[in-house]
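These notes are about the structure you will find just below.
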Amino acid sequence: MSIILTIIKREYLVRVRKKSFVVMTLLGPLLMTAFYGLIGWAAIGSISQKNVAVIDQNGQFTGKFKPDEETKYTYLTTAPTQAKTHFVEDGYDALVVIPKAVIEQPKTVQIYAEKSVGGSLKNNIERAVSKQIEVIKLSRSGITQQIIEDAKVNVDAETISLSDQGEKKTSTVMTSIIGGLCAFLIYISVLLYGTQVMRGVLEEKTSRIIEVIISSVKPFQLMMGKIVGVGLVGLTQFMLWIMLTTSLIWGGSAIFGAKMARDAATARMSTTMSAEKAKAIAKASEDPGMMTEFSAALKTLNLTLIITCFLFYFLGGYLLYSSLYGAIGAAVDSETDTQQFMLPVTLPIIACATLAQFIIRDPDGPLAFWMSMIPFTSPIIMMVRIPFGVPAWEIALSMALLVLGFIGTTWLAARIYRVGILMYGKKPTYRELSKWIFYKA
Amino acid sequence: MAILETRHIIKQYAQHRALDDVSLSVPTGQIFGLLGPNGAGKTSLIRIINQITGPDSGEVLFDGKPLGPEHIRHIGYLPEERGLYKKMKVGEQLLYLAQLKGLNERQAMDKLKIWFEKFDIKTWWSKNVEDLSKGMQQKIQFVATVLHQPALLILDEPFSGFDPINANLIRDEILELRQQGTTIIFSTHRMETVEELCDHIALIHQSHKVLDGSKRAIKEQFKTHTYRVEYQGNMGELPAAFATTAVGVTDDGFDRMDINIPPDAAVNDLIRLLLDRVSIRSFGENIPSMNDIFIKAVGKAND
């Protein structure tokens, strides 16, 4: 046992001390924060309101368009031909001309803009016009505005997941994000650290130190020591990433939050800025919005379950794949020869990554069920599903299968490994590999 | 007393039998030369002794007990293909390898200090292995092999890669280790080192043991009862029992002749015969060199 610990210690320390580890550990959170910052910046930028001029020749539309965060409307009485030449200089983004006969010929509405009009602005205007036409037509047939208002019932469905502790409101978006994030982390770590195990084995083989080492320890001890050592490196890197990213995002949020509040304040004071815009910015800065929704969603999710499962599937998936990667490293002599064997091992991981989006849409479908049972795909797919709620028996079965899976692959890998590390020369074929499995020790 | 004994070892690879009924006995405290052409099965045997692989049948005894994991720390192995972790510091690497052999960190440290002083390489401690020359790396590897003071040392071509000065240094260390009672199995192609160092020899050829015994006994076995004489004067005809070969002239102008006598004949009779005929400058027995023995034994096995 102490020998395995010695091996684990070496594998761990050698990697953690590497410059590339330090660089990756520091760079990862910076990239993530930059990404987050970009989204935040884009969110603030998108608040800018469009100023739309409306010439209502019909007369029944004036004051009927409702301004919102995206668009505000100004009603002009000038002639369309005159307005057309001036509206850009007057500070409008678009000009809408509603002809007199619009009720009978709704397609005659015209939108002018210097640049081509964005899809959402066009939609907004079309919706506003058709709604107003609807109102007008209804009231013509005797239905009053009052009845229409009464008839409008706002249905905003909430998703509620049933569990033992009673009903809880969950946000589908947040659940998807958390599931996706966990799955993505497992995907990255399996690829990243699995190939590190492979390179480590290859290094020992090409530097020929392997013969010295296995005259002192059993090949299995060396393989397991390496797998565990690299796994701990992975866990360390994740811990550091999470800590650094959280602190950076907190810092970043504080700066962004302050900036938004300042914008709101200046907007309130400024007289040139329209009241609507000021209101919109103030609302955005005061609106707890995403952060509250996120933390609310976190509260409703079973975090202990998610974290436990994440650790389990991370370890299970990593052990399963890294032993296979270790066997590949043992089977060949050089990194270029690994490609042929990498493909079949990497394929299920990539399939998981591509299919995860369908699993998110239908987390209880048959594809989701089977992929979360097969040990080669379950670490990633089950993590996508778990935040949505998965029956306990499914989790237990999937975990049991994963344990069997990695015991199986480790056994297989160890058999290939112990023969492969002493073989030099020709790249083995799959047939030879399968023969190695049955060699006597 | 034999520190290591192999009994009827058979090792079969898919198409090829690497060792066929090989029985050896390595006497304690001696230098044992394990010889053989390339591909004869030496490496397979060495790997079995190191428990890297196991034999298909037969057994290996260490100190009279079946070879097991507890013997790993009593064996030191220097493989022919040398290798160290290139990106690891010399000191850390040696500590690591010693710990794999069962030493704890403090024991390893104490022993390392002695060797670093002995080889005068204290400045290498925190250098990366890849920054050292090939010869330096070989020295480090030698230290790694002997650090845990194994009772049995297996050296596969230990002098390859050393310049003559360092080769001498290593040779002296090997002799000193024998002095201290270490048994050394020595696998090499260089017959002059076998001649110089080995007490006992086994020759493996095409998976079989073809020769085994003390160096002296083997030389005795391979001697041809041939004597070389350098002389002046007229030799004349020798009796038919004495076959003459290699008749010629030495560089400094003496006549020369190899004379083969029957195994039962006495050397003194030959000398008496010569004394009567010529004036002798030198007379001696042609002792076969290890090189001759090697070629002869392998050639005979090939027939």
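Backbone N, Cα and C define each Cβ position, glycine as well.
Curation does not apply to TrEMBL; its annotations are automatic.
Keep in mind it's a predicted model, so treat the numbers as computed, not measured.
The domain 'ABC-2 type transporter transmembrane' annotation in TrEMBL covers A:19-414.
For A:21-44 (among others), the entry in TrEMBL reads transmembrane segment.
Residues 234, 238, 293-294, 297-298, 301, 306, 310, 313-314, 317-318, 321-322, 346, 349, 352-353, 356, 360, 363, 379-381, 383-388 of the same chain, all 6+ positions outside the transmembrane segment (A:173-192), place their C-beta atoms under 8 angstroms from a C-beta of that stretch. Residues or ranges marked as transmembrane segment by TrEMBL: A:173-192 (among others).
TrEMBL lists A:212-232 (among others) with the feature transmembrane segment. For the transmembrane segment (A:212-232), the list of distant contacts is 3-4, 6-12, 15, 193, 196-197, 200-201, 204, 315, 318-319, 322-323, 326, 410, 413-414, 417-418, 421-422: same-chain residues at least six beyond its ends, Cβ to Cβ under 8 Å.
TrEMBL lists A:238-258 (among others) with the feature transmembrane segment.
According to TrEMBL, the transmembrane segment annotation covers A:300-321 (among others). Here the transmembrane segment (A:300-321) has long-range neighbours at 161, 163, 168-171, 174-175, 178, 182, 185-186, 189-190, 193-194, 227, 231, 234, 345, 349, 375-376, 378-380, 382-383, 386-387, 395, 399, 402-403, 405-406, 409-410, meaning same-chain residues at least 6 beyond its ends whose C-beta is under 8 angstroms from one of its own.
Counting only same-chain residues 6+ beyond the ends of the transmembrane segment (A:341-360), those with a CB under 8 A from a CB of the stretch are 176, 179-180, 183-184, 187, 190-191, 321, 324-325, 328, 331-332, 367-368, 371, 376-377, 380-381, 384-385. The transmembrane segment annotation in TrEMBL covers A:341-360 (among others).
Under the heading transmembrane segment, TrEMBL lists A:367-389 (among others).
Look at TrEMBL and you will find A:395-417 (among others) tagged as transmembrane segment.
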Response to the item:
For the transmembrane segment (A:395-417), the distant same-chain contacts (Cβ-Cβ under 8 Å, at least six residues beyond its ends) come to 201, 219-220, 223-224, 309, 312-313, 316-317, 319-321, 323-324, 326-327, 330-331, 372-376, 378-379, 382, 386, 433, 436-439
Fill in: Spatial neighbours of the transmembrane segment (A:367-389) far in sequence, C-beta under 8 Å, 6+ residues away
161, 163, 175-176, 178-180, 182-183, 186-187, 190, 301, 305-306, 309-310, 313-314, 316-317, 320, 348-349, 351-353, 355-356, 358-360, 395, 397-398, 401-402, 404-406, 408
